[in-house]
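J.: According to TrEMBL, the feature signal peptide maps to 1-22. Sequence annotations record features per position, and here TrEMBL assigns domain 'Glycoside hydrolase family 9' to 26-485. Summarising the annotation, TrEMBL assigns active site to 411, 463, 472.
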């Protein structure tokens, strides 16, 4: 009797929790998350720009180095253009479109998604003026973080940093090759000339990355404090090879994956994370796909080892592996306090596509705890997205502008300062901190669609502008989300992901 008595209030509490009700408009969330990229644009804004509180910025980027580097994306809440996360963002947006372009088209968002990719690839083309030269950063985090200014008012140093044969950066060049290759698939039908131009750049960049090996942050040292390459460059070389094979069907890249899988860690690293720095789980997922498609040939034994590691990753997500990912009490995957949401969206994307690959091959996921139906992976991804959109102990949506309760004090220069179109008066470097950063009021501009860093390990979150670990958004948080939202919005798969 005592037991059932103590269970009653608990049951009542569960029924009353805001996150016990979960219905989400994934199509609306998709539209908003694509819109966020327009707020992050640098350069001359187009006539069809929908985020109207932004204006042109960074119009002299690259000029001092004799190269045109106008355009591209600001990575997060600051005004620096960082090449490694930007390229990863483009790769993941492209992968989202490659897998789930059909439901995006049905939702009327495919055109916007492709424009978001092209805004990035147009810049990456400019950043690669010669076969063995790639510009990997414009501006530097130190001077930028000293100032709190709208991008339109920027007075900070806009030095451009590059890699070349004597200052290599295989991780940066490899990821950029992957981005160009993935995007070439996106534009293959609608813009064949542009598609082949992207593939040409991808070939050159892979050659550069492979021939002149080194970590990019040893060459572009100003990136170390912000985007240090902890995993090295082997994962990016394999990742680029996988994307080049997918884009070109060129056997050279398949052989590269087969010959180097063991020595470069593709078959050795059992991962529980995936993001702009660590690509192994992404490589393993793609190679598992090639295996399921029957493309492995003589490399089947090596590809099977990649496949096992992909499954290790998937099993760890759903708590059925030998080493499972940590989760908050509310059920969110948790890896670190600073911008944890990037790992949530990236891992959820891999779970989504892998679920569809398995369903297409009529296979099951082989975990330490037994075989698992592919639908469990999709359910995991859905649970993470639902948490992000508000099904959590706080009832907070971590996507700005979605739902009623979302972050109002986002750590983002452009959204936290009055629009230049409303008040054109110049805001100086330190003045922005005094007048706008410390304000305890809501942002004057709503950064629609931005996914912020999110809660801590105990589901706690403080909506404060100076709490950058939790309230700063990033482009690479949103990019993988596009594919998952399109997939969830379509309701069911009904198509074979393994068909070319």
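Here the Cβ of each residue, glycine as well, is placed from N, Cα and C on the backbone.
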J.: In the structure shown, which of the active-site residues 463, 472 has the fewest other Cβ atoms within 10 Å?
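T.: Each of the active-site residues 463, 472 was scored by Cβ atoms within 10 Å; lowest is 463.
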J.: Whole-number Å only: compute the distance from the Cα of residue 472 (active site) to the Cα of residue 411 (active site).
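T.: About 5 Å separate the Cα atoms of these two residues.
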J.: Rounded to the nearest angstrom, how far is the Cα of residue 411 (active site) from the Cα of residue 463 (active site)?
T.: 9
J.: Using a Cβ cut-off under 8 Å and a sequence separation of 6 or more, which residues in the same chain sit near residue 411 (active site)?
T.: 77, 452, 465, 466, 467, 468, 471, 472, 473
J.: Quick one: average pLDDT across the domain 'Glycoside hydrolase family 9' (26-485), no decimals.
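T.: Summarising the domain 'Glycoside hydrolase family 9' (26-485) by its mean pLDDT gives 97.
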